[in-house]
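Encoded as structure tokens, the structure appears first; notes follow it.
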Ligand SMILES: NC(=O)c1ccc[n+]([C@@H]2O[C@H](COP(=O)([O-])OP(=O)(O)OC[C@H]3O[C@@H](n4cnc5c(N)ncnc54)[C@H](O)[C@@H]3O)[C@@H](O)[C@H]2O)c1
Ligand SMILES: [Zn+2]
């Protein structure tokens, strides 16, 4: 399937046509292939063998499968391995993994020899629908996540939903948060499809999963294309639910709570806030909540990481988000399902606290 964003390909098995796809984009057949330990073990042999059959020269790099691999020390080590393997400007870099590998690989590609092309082959639902698209690449600094990086657009994004079959269910639901987000912010019809077929998508059943993945990826690509450097407020709508989510992640100290889990809860807060501020009608609030109610969390997680939190502490944690401008919190709100906007004025603190309260009550009554 192709769209205006013609560098995004959704196909199974995509690796079998990699030579032809590279050629169409003017990419050479010399690739550094970056894996994490899990994707190397699960898919490394198959991918490298297929590339070699199609005439590629490859250099393999493998890093531990964890967030801390997005570091300057890991990048430095990989630069060394690339120099030793005689990788020069005529090479490109293929990232095989989730957002950690995509961000790290993109950072390396943007820096090495002042920049070589990067190709994304995302293997998590979050990476297929979010992190591999849009060209934001970064490593972490001890003082903050994703602070050091570039805008480095991928030359090609190769999406094959078949890779999802080995993904743990918690990672699937994590990715589903971003999928549902696109319905909320940009596409009422997609929202309706998800409301009807949420379980089929979450069970990775075709054609639902491929449809959900491509619509999500193309929605993100479209938003990014219209507002690449985040100046008009459109790209910011991709952060629906995220102001709350970042506060929750911070309070959990970035452990025990997946990003997508925080976003799921954060979107419920966003729905309540949109309603409380008079933008979202009650029936649409309820429709939105009904979709969020389909998400499955590990036992006790919502209680521990959200319901039992002090609202004021969560409010303070949200204020430490690096994305705030002029120390003011900006909220993405919905005025209907399928349309989000960046609220340009400060939202009264009382409304934010109320929205948290409403959401805590809703989650505790729901179970
Ligand atoms: N650049 C962006 O625009 C952007 C957007 C959102 C998130 N991110 C970044 O993405 C990262 C999170 O990405 P993620 O959720 O994909 O996490 P991840 O890359 O850590 O992957 C999650 C886990 O799944 C494993 N895995 C990957 N593919 C698998 C498969 N097919 N089968 C079985 N296991 C598999 C990984 O080894 C890892 O253990 C964060 O670092 C975040 O900052 C970036
Ligand atoms: Zn997100």
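Cβ from N, Cα, C; glycine included.
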Which one, 197, 259, is listed by TrEMBL in the same Zn(2+) site as 178, 242?
259
Per TrEMBL, what member of 136, 181 joins 99, 100, 101, 102, 103, 123, 124, 145, 163, 164, 165, 166 in binding NAD(+) at one site?
136
According to DSSP, which of helix, strand or coil covers residue 124 (NAD(+) binding site)?
coil
Using a 10 Å radius around its CB, how many other CB atoms surround residue 124 (NAD(+) binding site)?
26
Are any of the binding-site residues 99, 103, 124, 166, 178, 242 near ligand 1, with a Cβ under 6 Å from it, and if so which?
99, 103, 124, 166
Based on the record's binding annotation for NAD(+) (99, 100, 101, 102, 103, 123, 124, 136, 145, 163, 164, 165, 166), what whole-number value in Å is the widest Cα to Cα distance?
29
Would you count the other CB atoms within 10 A of the CB of residue 242 (Zn(2+) binding site), including those on all shown protein chains?
23
Could you work out which of the binding-site residues (101, 164) has its C-beta surrounded by the smallest number of other C-beta atoms within 10 A?
164
Alpha-carbon spacing, residue 101 (NAD(+) binding site) to residue 178 (Zn(2+) binding site), which is rounded to whole Å:
18
